[in-house]
Structures are given as C-alpha cells and as structure tokens.
C-alpha cells in the first residue's frame, strides 16, 4: 500500500510539474508583444498584440524542431477547432539550399486522409506579412530541438476576436511537402481557441487534459498495480494455513477495489472519445474494452462460485484462473500502450510505474522461489515420513499377525 500511494503521488506531482514548467515570453530579438500564452502541447507558446482600432493581430509562434529535416508549423482555422480547414504557415529546411523557408498551406480534407501531399498555395485570409527565424540568428542550424519563431501579421474580421489556433511538427519533408506528423495524443491535441482581446483560452482543452491525466492515473493504479497485486495475493497467501480464509477476503477486496477504480477510469476514457471526434486509438481502445470485459466477468464469477464439494468447482477454478491472468496481462500491456498514446513513452511517470511494477514482480519472484523451496522440503519430509510409516507398519503388522 505505501508503494501504491507513492506511485499515485509521483504521477500527480509529475503532471503538475509538466503543467507549470513551461513558460511564455512577450519579448523577441526584434519585437515586444503585449500578451503571451503557453500552449498545452509540444512546449509551444505564442505572443501577440491585438490592435482593436483596426482589428490587426501581430503575433509570434514559438516552436521546436524534432528532426534536422523536419518541419514546424502553425495556423488559424476560420471555422472550427480542428486541423482540417486550417490556413497554416509551415517552416522547414529548403531541400536544395538547406536554408529555412516559410510557405503557406491550406489543409483541406485530402491532407488529413493522406490522399495527396499538401501543396503550398496562397492563403485566403488577410495575411499582411510573415517570416520565420531560428533562435540564435543567422548562425543557427536546424537540428533536433532547434527553436524557431514564426511571425505573422493578420487582419481579422471585425468584432471576431476568438481564434482557433492549430500547430504541429513533423519528422521530414518530401520535396516541398511536409510529411504527416506523429499521431500521439499530444500531437493530435495541438489545438486551442484563444480570445486575443482578453487573452483567455477556451476551457475545453484544459478540461480534456485534466480528464486524460485522471484517466491515466486511475487506470495505471487499478489495472496496472492493484489487479496484479490481488492476483499475487491469491497465489501466495492461500497456502499459509495460519491465515485461514483471510487471504480470500484480502484477494476479493483488492480485486473489487481495482475493478471499481478501473471502471471509473474506463468511463473517463469513453468520455474522452466523445470529446475527441476523429481521434481514434485502435489498439488502446480494443485492449481497454477487452480488459474491462474480463474484469466484469471475474466480478460476476464471484456470484456463481460453487462450493468446494460441488463437482463443477474445478471447472470454475480453471475459468477463474484463465480469465484472471488474461485480465492482468491485458491491463498491464494497455497501461504501457496508454503511455505511448499520451506521448509519455520517455517520461518520469512511466519510469515511476516501471519501478513500481518491477518491485511487484521482484516480490512475486521471491515468493515463488520460497514457495517452491517449501514445497520441495515438504515433499521430501512427506516421502521420508511415508517410508518410516511403511517400515513401522510392516513391523506392527507382523507383530499383530503373529
């Protein structure tokens, strides 16, 4: 239990640090802006100045490359908070000269469906000027982690100050066409609606982020820690005669808590799917449904548990063991799949979970070795005792017979 509490606190502290570690700046080497905001993904941020008298917006986007041959882009969607329909400015190294270039793109539905590569074309919004520079000036080079600033000046529609911002980055460019970006949860959530007049962002994305964190922590604790702990409890405590039936109540209690917490996490996952139309994680979703179904079957199996004298008891035990271990394996695998989906494959949160799971596995190995040692010792003692009884019985038998 202390290990479980430590894991929960570690996961919570990591996400809190992640939420507040990034910062934004209103100052660049060439210009100073009035407002700035840290964007929720990819360590990106924006700064801007809105001129209300003529509805003009000066802004700069701060992003980073993830590959020397990659691309970084941001844009505005005039109609909705999604990638399709975005008018974007995308920066990448020129395939011929290697110099940084900034080109305009309109992301129509064919781009999302990957039916054709995106081709640069003029934007149908009032873009007055645009430019891009690498952090460090002319001597800077494009590399993994290189910081870039994309400037733009736009003429907005009068009295419409809520803007749908979209940003992303990719690993490589084919000719002058950016290739598809990674499809982790963070990359697919790179959208924010910001009121450039007030400086506030829509709460929808923040709520979604909070739900994702809750979904990840609840499922990691339930399916990834409590469920394996309950299975280990049944395997290694049931043979301790001094405990009597206590092991069963401990096992059932842990598994029931795991299923209740896991059900809440599963329900949050369903809600996240409803809040993210078009975003589908096929493998993670299938594993989640399979684990939840097996967990429900295990819980229902308690209602139909035969007595020890019933002839169907051995079949029930076989079913219970198979479904139980399958649920444990599916749950742990899906926790790791969840880290991939969340874009936390190399995070301290995953490291903390791995340490917790490794500790549990180490304890199970030690108990398994100990149980085998005890089993072999008892078998040897039983064999010696049996041989002694046979010898003694033979003598007694001869005496009685005589």
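Placement of Cβ uses the backbone N, Cα and C atoms for every residue, glycine included.
Here TrEMBL flags 1-21 as signal peptide. Among the features that TrEMBL reports, domain 'DOMON' is placed at 42-170. Under the heading domain 'Cytochrome b561', TrEMBL lists 177-376. Here TrEMBL flags 213-234, 246-268, 288-306, 318-339, 351-376 as transmembrane segment. For 215, 251, 284, 320, the entry in TrEMBL reads heme b binding site.
Note on the binding-site residues 215, 251: the fewest other CB atoms within 10 A surround the CB of 251. Residue density at residue 320 (heme b binding site): 16 other Cβ atoms are found within 10 A of its Cβ, drawing on all protein chains shown. Largest Cα-to-Cα span within the heme b-binding set 215, 251, 284, 320: 27 Å. For the transmembrane segment (288-306), the partner stretch with the most Cβ pairs below 8 Å, chosen from 213-234, 246-268, 318-339, 351-376, is 318-339. Every protein chain considered, the tally of other Cβ atoms within 10 Å of the Cβ of residue 284 (heme b binding site) stands at 17. The domain 'DOMON' (42-170): residue composition by secondary structure is 7 helix, 67 strand, 55 coil, according to DSSP.
The average pLDDT computed for the domain 'DOMON' (42-170) is 87.
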